[in-house]
Amino acid sequence: MYHSLSETRHPLQPEEQEVGIDPLSSYSNKSGGDSNKNGRRTSSTLDSEGTFNSYRKEWEELFVNNNYLATIRQKGINGQLRSSRFRSICWKLFLCVLPQDKSQWISRIEELRAWYSNIKEIHITNPRKVVGQQDLMINNPLSQDEGSLWNKFFQDKELRSMIEQDVKRTFPEMQFFQQENVRKILTDVLFCYARENEQLLYKQGMHELLAPIVFVLHCDHQAFLHASESAQPSEEMKTVLNPEYLEHDAYAVFSQLMETAEPWFSTFEHDGQKGKETLMTPIPFARPQDLGPTIAIVTKVNQIQDHLLKKHDIELYMHLNRLEIAPQIYGLRWVRLLFGREFPLQDLLVVWDALFADGLSLGLVDYIFVAMLLYIRDALISSNYQTCLGLLMHYPFIGDVHSLILKALFLRDPKRNPRPVTYQFHPNLDYYKARGADLMNKSRTNAKGAPLNINKVSNSLINFGRKLISPAMAPGSAGGPVPGGNSSSSSSVVIPTRTSAEAPSHHLQQQQQQQRLMKSESMPVQLNKGLSSKNISSSPSVESLPGGREFTGSPPSSATKKDSFFSNISRSRSHSKTMGRKESEEELEAQISFLQGQLNDLDAMCKYCAKVMDTHLVNIQDVILQENLEKEDQILVSLAGLKQIKDILKGSLRFNQSQLEAEENEQITIADNHYCSSGQGQGRGQGQSVQMSGAIKQASSETPGCTDRGNSDDFILISKDDDGSSARGSFSGQAQPLRTLRSTSGKSQAPVCSPLVFSDPLMGPASASSSNPSSSPDDDSSKDSGFTIVSPLDI
């Protein structure tokens with residue numbers, strides 16, 4: 001025990017007594033302690049008052065204005081209710097539990113709470129309390145009468161046990177839902193709803209819709225209790241946020257939510273569809289999901305994938321169809337639980353804020369469904385069946401769930417909602433591949449039922465082989481049938497006829513065959529699938545028997561017969577060797593699919609850029625033609641180069657890798673005798689020139705010497721065809737080489753030698769004398785040709 005220097009203690013004095021303490025110091029400490037306590041009280045009072053002030057301020061911001069409902073709806077869609085202390089009230093307003101008129105809130109709340117109290121009193125009964133007032137011939141524990149309270153009590157007990165079984169599994173990672181009072185609230189609310197809706201009763205998954213509602217109500221009640229410690233809240237707050245009526249308020253919100261979600265839990269078919277099915281024959285080549293019962297939830301998820309997903313991402317839609325992943329596999333849980341298992345609870349509440357704020361019909365569910373698929377689309381497209389199933393059944397974590405809501409809003413109405421920032425998903429596909437494999441293994445084990453003993457299977461296969469081979473052997477014996485026996489007796493005679501030296505070797509061989517069978521995993525599968533009929537026949541041919549066509553009358557030994565049977569089984573061992581090869585092929589196919597998706601994106605981008613460039617180039621071209629500019633010709637030449645780029649992006653003009661190399665080593669050569677040496681002017685005076693200025697607007701003049709402007713700055717396109725074909729006048733698609741020549745009206749079109757000639761470095765000197773026909777991207781031609789440009793200002 002530590003003592004300060006101011007204290008003195010007698011060795012024989014007990015530790016409980018304290019002596020030698022200065023009374024002044026104790027007084028000062030006491031007075032200082034009192035002052036500290038007063039300071040703490042003052043600070044705590046200020047903190048509590050500040051808490052209530054902020055609480056009341058938030059109440060006024062949300063509910064004290066004329067258009068408060070639109071305000072809280074916008075906050076719910078924008079994700080601004082995440083930290084709100086009045087989220088439960090907002091949900092009640094979104095789901096029409098509370099009226100928009102605030103003056104009716106108290107009366108409406110009291111009415112709903114009295115309604116639930118009456119329901120609970122009717123359905124949750126104890127027959128022991130009312131047994132004295134009823135006929136004991138009917139109301140006894142052994143009575144099976146429908147009007148018996150005891151019979152009803154046992155039926156209710158069975159229903160409650162089923163509900164409690166699901167309630168115990170509700171959010172097991174959260175301590176709040178493991179409390180007994182919370183579990184009792186969940187059970188009572190679900191039981192009362194089931195008894196009030198006998199046509200639907202209780203369906204698995206309803207507890208996961210009720211649990212977030214109870215959690216939000218509890219959080220708001222705790223915030224109310226904390227804020228009301230320092231100040232007196234209003235009567236409106238006291239009534240709406242009374243913690244004693246948490247169960248009553250939860251039932252009111254849950255029952256209103258189920259008004260919309262009830263068809264998703266119903267297993268009844270549509271009445272209108274039943275009449276159609278009696279008249280319609282099954283659809284040929286229909287998918288399995290289209291041939292099932294027309295349940296509302298199945299119709300909904302099929303419509304989401306077949307219409308919405310197909311509209312927004314046809315590639316992902318085709319990939320899921322190719323893998324035969326029906327939307328019912330994952331979509332039923334997504335829609336029924338309102339994505340309750342796909343997000344953490346705090347993110348789930350943000351999603352529900354947007355769903356409820358959007359409207360009571362929950363129309364945003366369909367687009368959140370599609371947005372979730374688009375979020376992981378790259379991972380899905382590049383994955384096989386197992387990995388896709390793992391991704392869909394165990395949805396990956398999303399860092400910003402609000403971006404998913406914005407994506408859904410954009411998909412529904414892109415005109416009113418801006419395009420959200422692309423939020424990419426970088427998955428660990430190995431994890432989801434393992435999860436998908438686990439799901440497949442679980443489904444297989446559930447379908448198989450009890451596991452089989454491999455020893456029993458091997459023994460049964462051995463006996464099965466004996467029965468198959470032995471009856472076919474007896475009729476072929478040389479000595480005819482055995483006297484006094486049939487085929488079955490002959491098999492019994494053949495088996496024991498072994499020498500003493502033959503028995504141990506056969507026993508060892510039999511053990512080896514059993515071990516080989518145990519290692520062969522595919523044999524039972526082949527037998528189940530009916531593939532064994534290819535290898536095993538009930539009436540084997542002569543070639544399949546030992547010895548082939550040289551079969552003699554002496555029957556073979558038992559070991560030889562078993563070898564003929566197990567030789568077919570041993571072939572299945574090669575099946576396991578090909579599994580690794582198939583896995584590598586699947587991974588390669590996944591990579592090819594992913595690269596194909598990227599190529600499609602690049603192709604779409606190039607086409608879009610070409611389309612936009614074409615539009616802007618035409619506009620620039622029209623403006624230039626209307627203005628008289630000094631360097632108009634240079635601008636037009638630059639436009640022609642841009643149009644070549646546009647045609648390359650569009651795909652109508654072929655792009656060669658040599659062009660990149662030529663650009664790196666680009667050199668401009670000048671030849672004074674270019675036109676004379678190239679021979680381009682020989683025999684091409686007629687029908688081979690097109691005016692550039694006329695070709696920009698239209699092919700109005702095909703006469704070689706005619707020009708629209710008639711000056712020395714006109715551009716003339718000389719075609720390199722030998723057949724004298726007329727030039728095409730659409731400048732918007734012009735991609736063939738250009739030549740600028742000086743032309744005068746009324747004169748021959750013989751080319752004029754220029755002192756300044758630019759030779760194309762891409763084509764080389766041989767391009768001038770080439771006779772290859774020119775290409776036009778409008779004709780989808782992809783041939784390349786050289787060109788020479790002469791500036792009209794330098795001529």
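Keep in mind that glycine also has a Cβ here, set from the backbone N, Cα and C atoms.
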From S266, S460, S658, S767, the one Swiss-Prot labels phosphoserine: S460
Range among 56-64, 146-154, 308-316, 335-343 that Swiss-Prot annotates as region 'Required for interaction with retromer': 56-64
Selected residue, Swiss-Prot feature phosphoserine, from candidates S35, S44, S488: S44
Feature region 'Required for interaction with ATG8 family proteins' in Swiss-Prot, mapped to one of the ranges 216-221, 666-671, 786-791: 786-791
Site from S43, S557, S576, S725 that Swiss-Prot describes as phosphoserine, others unannotated there: S43
Other C-beta atoms that fall within 10 angstroms of the C-beta of Q204 (site 'Glutamine finger'): 12
The region 'Required for interaction with retromer' (56-64), counted residue by residue under DSSP: helix, strand, coil: 8 helix, 0 strand, 1 coil
